Structures are given as C-alpha cells and as structure tokens.
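Following: one structure in structure tokens, then a few remarks.
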Amino acid sequence: MARGAGRGAADAAGRARPPEHRPDRATDWAWRPPQAAVLVAQRPTRPTAREAAAVTTTRLAMPEPVVEKAPLPPKTSLVFDSMPKRNEVSWTSMMSGYGMHGRGKEALDIFDKMQKAGFVPNDISFLVLLYACSHSGMVDQGLDYFDIMRRDYGVVASAEHYACVIDLLARSGRLDKAWKTIQEIPMEPSAVIWVALLSACRVHSKVELAEYALNKLVSMKAENDGSYTLISNIYATARQWKDVARIRQLMKKSGIKKRPGCSWVQGNKGTASFFVADRSHPLSPEIYSLLERLIGRIKVMGYVPETNFALHDVDDEEKNNLLTEHSEKLALAYGLLTTSPGCPIRITKNLRVCGDCHSAFTYISKIVDHEIIVRDSSRFHHFKNGSCSCGGYW
C-alpha cells in the first residue's frame with residue numbers, strides 16, 4: 001500500500017499523472033490490491049457510518065507516516081496489533097500491504113487470523129491473498145487457495161482472480177499451465193489476463209506467445225504504451241531489431257506515446273526527480289561520477305549489464321551507457337550523495353523498475369550502508385545485503 005487502505009494509493013496515482021496519462025483498464029491492474037480494500041468499504045452491506053467513523057478515529061487504514069516512512073513491518077503491524085477493533089478493511093489492508101512488500105507468508109498468517117476472528121473471506125479477501133502469493137513465489141499455496149475459494153466458500157472466480165492465477169503461474173515459468181488455464185476460463189479472457197501473460201513472456205523470452213497476447217490486446221483495443229514496451233523488450237532480447245523498429249512505427253501510427261520513466265527520491269537536500277539521461281540537476285556531475293564508480297565496483301563482484309533492456313540496436317558499450325542513464329539509477333546516486341549514512345533510500349518510479357536496474361541495485365546494496373527501497377508501479381522492492389524482498393518474483 002502506498003497510502004492507507006488503498007484509496008490514497010489510487011488517488012496518488014491519479015495525482016501523479018495528467019488526465020491523458022491516467023491508468024487504463026490494463027495498467028490499472030497494478031493498483032488492484034490496494035483498491036480491493038476500498039471496494040470492501042464501499043459495499044453497502046459492509047461497515048456502517050459509525051464503523052467508518054471508528055476507522056478514522058483509530059486510524060484503521062494505518063497512519064500514513066508509518067506506511068510511507070518505514071517498511072511495512074514492524075511498525076505498521078504494531079499499530080494493527082494494538083487496534084481495539086478491526087473490520088474487513090483493516091484485515092484486507094494488512095494482507096495487501098504484506099503482499100506488496102513481498103511478504104506472502106505474513107499475508108497468509110493474517111488471512112488465517114482473520115478467519116479465527118470470525119470474519120468470512122470474500123472475493124476481495126481472496127483477490128488480495130492471490131496477489132500476495134503471486135508476488136512471493138508461493139505458487140502451490142496460491143493454487144490451493146484458489147481451489148478453496150471456489151470449493152469451500154462458494155466464491156465465483158472473476159476475471160481478476162483468474163488474472164492473479166495466470167500471473168502466479170507465469171511468473172514461476174509455468175507458461176504451459178498458464179496457457180491451459182486461460183483456455184479453461186469460463187468467460188472471455190479480459191485485458192488484465194493478457195497483460196499478465198505478456199509480462200511473463202518478457203521474463204521468460206517467449207516471443208510467439210507474447211505476440212499472441214499483444215494481438216489479443218489490440219483486438220480488444222486495450223493495448224497501451226506499456227504493452228508495446230513489453231513486446232519491444234522481448235524483441236530486443238531476441239535481437240529482432242526490425243521488429244523493435246516496427247513496434248515504434250506502429251505506436252507512432254496509432255498515436256500512442258511511451259511514457260517517459262521518472263523516478264523520485266528523498267534526500268537531505270529535498271526531493272529530486274529524474275528522467276532518463278537527465279542532466280538538469282545541479283549535482284549531475286557528482287551523480288554520474290558516483291554511478292561510474294559504483295558500476296565499476298559491482299562489475300568486479302560479478303554484475304553483468306543486462307543489455308536487452310537497452311532498446312536500441314547499438315554496440316554493447318553504448319548499451320551500457322544507456323542503462324547507466326536510467327532514471328532509477330540517477331535517483332539512487334542522488335540518494336547516496338544526500339542521505340545520512342545508515343538511513344534508508346526511498347525511490348518511487350512511475351513505471352516498473354528496469355530489470356538491469358534491479359540487478360544493479362541488488363549488487364549495490366552489498367556495498368553501501370543503506371537499505372534501498374523502491375516503489376514501482378507494481379510493488380515494493382527492499383534491497384539489502386545483496387538481496388531483494390521480491391525474491392525475483394516481480
């Protein structure tokens with residue numbers, strides 16, 4: 001959760017983009033789990049006005065400073081544990097928060113405690129739970145809960161539930177099973193399902209399946225800049241540069257513009273924002289100099305730039321330079337320059353974190369005295385001592 005139980009997260013997403021860049025049906029999937037808690041609260045048969053007032057009084061949705069300024073555990077869980085009364089919003093919020101931080105086991109624990117407290121899981125509860133399993137690599141547990149949801153609780157699986165299952169299978173590399181599940185869905189597969197499959201094809205470099213998923217999105221008029229960027233990444237990995245150029249032309253013809261990646265970071269000198277190859281900041285010389293030194297150090301440790309994330313048909317040296325200029329790397333360097341030793345560095349990105357940046361941050365977290373926390377369009381990543389909380393499932 002970026003803010004509270006979810007409404008703040010959705011509102012923040014809206015404020016972060018001008019009207020023409022508001023999330024569409026497909027990109028909105030990234031905000032689905034925090035919004036799930038809002039859906040619970042909006043149901044007329046759910047909390048009464050008096051209970052809603054209690055939510056505000058007891059900060060049921062979790063105090064914003066706690067969620068914003070610290071990893072979810074332990075402070076947020078401490079607030080949750082000390083609450084005199086909990087309702088569906090608070091239980092679902094905690095599950096959602098743990099899920100977005102890659103803490104799937106804790107999300108399952110909250111789910112069990114919710115049932116013991118007398119609350120019956122509903123479609124929203126299971127949606128958040130499946131999301132948590134997907135982003136924690138808990139494939140078998142997620143599939144078990146999907147069966148339990150339908151068999152034991154009589155919850156009819158929606159397109160969103162199936163999208164979570166597809167995402168769960170695809171992230172783990174079970175693309176054959178994911179494809180079989182899509183064929184067995186009792187309704188017309190929605191855009192979020194094809195986006196989930198397309199995203200997995202990027203991770204596992206499945207060109208033909210990715211093309212099929214994109215064509216489905218195009219036929220539904222649900223394609224966007226994110227979809228085309230994914231397929232471009234897949235083509236670049238396969239070194240199919242003519243197809244990369246074809247996608248650029250197709251986007252241009254369709255009037256679809258790629259959103260520029262932008263990252264924000266808070267330092268002792270205030271908040272700074274960076275775009276790709278940004279050199280407008282007064283500290284730019286120091287930022288690029290620090291990045292050059294960091295990249296040199298982690299290469300000795302085994303870091304190899306993932307040049308497939310540089311979507312240009314140029315030589316490897318130029319691709320390395322392009323990767324160094326990514327907005328999240330610039331934000332990290334600024335944070336390292338302006339944050340006190342031992343303090344976390346918090347970065348927010350409007351798009352998914354780049355795969356090469358994810359790899360670089362993992363290595364860099366071994367050699368700096370900071371935890372690196374990245375909030376991208378999908379989830380939180382906590383880099384510390386050479387590992388990330390996502391465990392590779394992102």
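Positions of Cβ are set from backbone N, Cα and C atoms, glycine also.
Caution: TrEMBL annotation is automatic and unverified by curators.
Because the structure is a prediction, the values reported are computed rather than measured.
These features come from TrEMBL:
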type	residues	note
COMPBIAS	1-16	compositional bias 'Low complexity'
COMPBIAS	17-27	compositional bias 'Basic and acidic residues'
DOMAIN	302-394	domain 'DYW'
REGION	1-32	region 'Disordered'
REPEAT	87-121	repeat 'PPR'
DSSP assigns the residues of the domain 'DYW' (302-394) as 34 helix, 16 strand, 43 coil
Taking the domain 'DYW' (302-394) alone, what is its mean pLDDT? 87
The correct DSSP tally for the repeat 'PPR' (87-121) reads 26 helix, 0 strand, 9 coil
